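Record features (TrEMBL):
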ACT_SITE  B:Lys233  active site, proton donor
BINDING   B:Lys134  NADPH binding site
BINDING   B:Glu218  L-homoserine binding site
DOMAIN    B:20-158  domain 'Aspartate/homoserine dehydrogenase NAD-binding'
DOMAIN    B:166-343  domain 'Homoserine dehydrogenase catalytic'
There are 2 protein chains.
Amino acid sequence: MNFVRELVKYNSKMNIGIIGLGTVSRGFLEILQEKTNWVSQKFETDIKVVAIKDIMKGNMYNPKGIDINILLQKLDKGENINDDSLKDEHPLSKIEDIDLIIEASYSDYKTGDPAYTFIKDALSNGKHVVTTNKGPVALHYTELNKLAIKNNVSLRYEGTVLSGTPTFSLIEECLAGDDITEIRGILNGTSNYILSKMAGGESFENALGVAQQKGYAEADPTNDVKGYDARGKVAILSHKVFGVDLGLNSISTKGIDAISKKELDAAKKEGKNIRLIGSLKKTGNTIEAKVQPEALGQDDALSNIDGVTNAIEISTVYLGKIMITGPGAGKLETGYSVFSDVLSVIKNF
Amino acid sequence: MNFVRELVKYNSKMNIGIIGLGTVSRGFLEILQEKTNWVSQKFETDIKVVAIKDIMKGNMYNPKGIDINILLQKLDKGENINDDSLKDEHPLSKIEDIDLIIEASYSDYKTGDPAYTFIKDALSNGKHVVTTNKGPVALHYTELNKLAIKNNVSLRYEGTVLSGTPTFSLIEECLAGDDITEIRGILNGTSNYILSKMAGGESFENALGVAQQKGYAEADPTNDVKGYDARGKVAILSHKVFGVDLGLNSISTKGIDAISKKELDAAKKEGKNIRLIGSLKKTGNTIEAKVQPEALGQDDALSNIDGVTNAIEISTVYLGKIMITGPGAGKLETGYSVFSDVLSVIKNF
């Protein structure tokens, strides 16, 4: 008698937990909904979202995978997602069958919490982490990176700079064989939008008002207009590219709220554009980092970046100057940064 | 009696053969000289150049690895490198201990030879191939790609478009999870340099003369000014990004030699810049591809790309528009494309 045995190939699994159901997670879920089958085929990995926690919208846990379609419909209707499957006091980091946690709650630039604590707990419990929260990465990268290495998991944060526009993946994957000597960037879309409007004759106050109406600027625009958001991103770039923890306070920071009408007029007269530039320059073992408005001539590629667009110019030893330009915010744009990070984890582990 | 056994970790090997010792290979060798130890540590792989063939400069074969330092010194002095270790009639593709062949000879857009034959022989004999020759990739991608898959080796050609500026690695590594709908690019630095000069008032003939003096344009500038070089790159992008073999003849192509003084003046009056744009647009299953001079307003990011700089704007479903800008030629710039491709082969095999 002959037994015919079929060789069945099983995919790997990637069970995801999500902390925070805001715009970013929504964008990620919409992309994942479209791309689940593609990931299964291309990477031989089955992605499932098994748990979600949101302080406002509720909690869910389903080890077989949450139906994203139904979830998105509930969110569209503004419904609470709670189904008593996961208690508030039960942290995602303690759920054994979660492989990766998407941390998309909120944070500040003072302590980085609550995001910082969520990330720390996740890494300590052997979960990969993808985050879009700048605070914890800017403030605690050294500690979190060590924790990730110690637990043999990945900590990724593509969305913290230029949303989904490839920045860290570009540096890691495409520029690995080159040496970066300098980075200059338009890292804050809100302030660039305001500057573009001001160049067209608007006052700072009016331009800010329009930015707030359009949803580019928050009700409290301090982080954007004072340069603190750009500074946080400069700190993250310094960690990642140069391996140096500068500390936020040692990054000299001027915002766009300090620009006078006189400076604007003078720049215009010379055919220049004022841009808020975050920059890092390596000389020997020293990193010079700062954030400030700069009047840039037309021959400076960053001068021509208008509106909410972000851009980073990277100087390297072999390539000279290259520049990547793209969105700095947005639901699908930042959602893609998370999706892209999840793919990187799948590829590398 | 106790025997203490030490666990010795051996690096993998990557033995390289080089066909063609022009500027590109020189650039690669200079980079490799600086980076051999780094590769050994980071990728646990020992790179050696074991064989070289150049129709003018001679042949070399040393299974223990050619001393790059001495080789570069010889080339600097314009000396022939022949040492009777490798006969003219002995092809690199038949040397068993070569893992990867860098094909940097020359080719045209008619047959793609001799580069095409070198690549085909290398792949058929189970060697990975890195090439910077556009002809064979533009004309024979479908066949060469099949051959690579069949022989379980890699065929890489980062340097064929935008030299070492990350293009294919960006698309492969960073945009894998997104879907590209349109590509527009300034793909030919020579014609962009001429256009930049013409916008400043120079005649086409004078601008071309300066480009030739500076070494940007060749003695026979046909491929650059007639748009054929850009067309070849559009064909390569179509193969890679959309998996479609358009055939060079079906890509509508106009060069910059056809631009009239009247068109230039009209563009200037409207505050526009004329740029030679290679473009691909996917609608359903159709790819519309063309090369032509276009008058672009200041709100078009490609309008502001000046001189020999190249740029590609990529439209995707999730990110919208992103753009990468960088060098399109140069010794270290293109040498880096080869180095970067070699690293990709090491990472993936």
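Any Cβ shown, glycine's included, is placed from N, Cα and C.
Source: prediction; values computed, not measured.
Here the features listed in TrEMBL are placed on the structure.
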residue	record	DSSP class
B:Lys134	NADPH binding site	helix
B:Glu218	L-homoserine binding site	coil
B:Lys233	active site, proton donor	helix
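The average pLDDT for the domain 'Homoserine dehydrogenase catalytic' (B:166-343) in the predicted structure is 95. Each residue contributes its Cα atom, and for B:Lys233 (active site, proton donor) and B:Lys134 (NADPH binding site) these two points are 7 Å apart. When the domain 'Aspartate/homoserine dehydrogenase NAD-binding' (B:20-158) is classified with DSSP, helix, strand and coil residues number 61 helix, 24 strand, 54 coil. Other Cβ atoms within 10 Å of the Cβ of the residue listed as 'NADPH binding site', summed over all protein chains shown, number 25. With a cut-off of 8 Å between CB atoms and residues at least 6 apart in sequence, the same chain places B:Gln212, B:Asp224 near the residue listed as 'L-homoserine binding site', listed in sequence order.
Counting Cβ atoms from all protein chains shown, the residue listed as 'active site, proton donor' has 25 others lying within 10 Å of its own Cβ.
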